[in-house]
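A short write-up of the structure that comes next.
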Amino acid sequence: MGRFLLSSLKEAAVVAAATTAAAAGGQSLLGSIKIAVLPVAKVFTLCFLGFLMASKYVNIFPANGRKLLNGLVFTLLLPCLIFSQLGQAITLHKMLQWWFIPVNVFLGAVSGSIIGYVVVTLVKPPYPYFKFSIIQIAIGNIGNVPLVLIAALCRDTSNPFGDTETCSTQGTAYISFGQWVGAIILYTYVFHMLAPPPEGTFDNEDGNVPLKIPQKDGSPENVPLLEQEASSMDSNNSNKGKMKSFLLFVYEKLKLKQILQPPIIASILAMVIGAVPVLKKIIFTRDAPLYFFTDSCIILGKAMIPCILLALGGNLVDGPGPGSSRIGVRTLVAIIIGRLILVPPAGLGIVTLADKLGFLPADDKMFRFVLLLQHSMPTSVLSGAVANLRGYGKEAAASLFWVHIFAVFSMAGWIILYLNILF
């Protein structure tokens, strides 16, 4: 009798445990959906407000105003956010621990390019847009959109990554640490892939003229001054002239002027100062004499998220424009599916493999979450800026419009999956 009672109690305990686990799993799933959907809903709300203010019915956010706000965000607010958050979180030891973040950005561009090549080969877009379509699939937004999502996620006290301040600081630091690699990829690989097509490829009546190709005429009046100086120095066999010519060549080939943008300079400064304990103590410690500068950057950085979302929503008021008809519906659908549906599983495979090989810091869920986000974002807005420089401005605007519209739904789905995998 005693054994029967003991056995019954054990069975009851097992059933109760199973029921509790099932209930907890249900609550976890609902909690994951809430945590995933709310940040995207916040982003959508702010973008809609920007769209409403820029619409013809309200019209208090005209194109010139959006352009100025974009410039303010890019040159001041975003660098301040990166400098303050990354500088406070980074150390030399952490830089060695976080080495996979820039590698993940590079692998994301490689895997995205392979997927883009396969998709574009199957779809066969119009001739001038083959490489353009590959880039639209390959290059995701590893900076602005993840920063916005992390900020919205961390504002919720029920987020699974800890208290609000720790969650925000860590997430922003991880995202900022990989931005310099993204900038190098943009202004080397993307810049090269989007080389202007031959003259006459586009219809000049539509106003979409490729970037002018410099003439190869060797006459002195057609040769830039710097090239004349370099040539004259080479002719004199001057070591100084050769060195200057070599530096000019490297500067031009690496596109250093384009790469060294304000957010990248802020990232480099934050890493240098954060890696030197003396400098970090002087600038980033709360009681330090120069902490007023860091605190000012924190104040300005907090304005970055609402400003960039208002500007993004305002930019959508122009719609896809004539670029959609040039690319074609079939190519646009292929870009959306490739970027938002096919690329993220490849990123999940990369991060999972890196975790199994021991490349990632142990028990750091936020680290893994940021790595996964880097593969799940819509096409980079900066790739659109590069495309505009290379003569594909209207096509890039159309692609970015549709990808960002559908990304509202895809990001929520992928975040739900990632949270269930991580927790």
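Placed from the backbone N, Cα and C atoms, the Cβ positions cover glycine too.
Summarising the annotation, TrEMBL assigns transmembrane segment to 33-55, 67-86, 98-120, 132-153, 173-191, 264-284, 290-312, 332-354, 366-389, 401-421.
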Interface present between the transmembrane segment (67-86) and the transmembrane segment (98-120) (three or more C-beta pairs under 8 A): no
Recorded stretch, among 33-55, 67-86, 290-312, maximising Cβ pairs under 8 Å relative to the transmembrane segment (132-153): 33-55
Same-chain residue ranges lying at least 6 outside the transmembrane segment (67-86) that approach it to Cβ under 8 Å: 143-144, 147, 168-169, 172-173, 176-177, 179, 261-263, 265-267, 269-271, 274, 294, 296-298, 300-304, 307-308, 310-311, 314
Candidates 173-191, 264-284, 290-312, 401-421; stretch with most C-beta pairs under 8 Å toward the transmembrane segment (332-354): 401-421
Distal contacts, the transmembrane segment (173-191) - CB-CB under 8 A, six or more residues away: 82, 85-86, 88-90, 95, 98, 101-102, 104-106, 109, 135, 139, 142-143, 146-147, 150, 254-255, 258-259, 261, 263-264, 267-268, 270-271, 366-367, 370, 373-374, 380, 382-383, 386, 389-390
In contact by Cβ distance (the transmembrane segment (33-55), the transmembrane segment (264-284); 3 or more pairs under 8 Å): no
Residues of the parent chain within Cβ reach of the transmembrane segment (33-55), under 8 Å, 6 or more residues beyond its termini: 61-62, 66, 148-149, 152-153, 155-156, 158-160, 306, 309-317, 408, 411-413, 415-416, 419
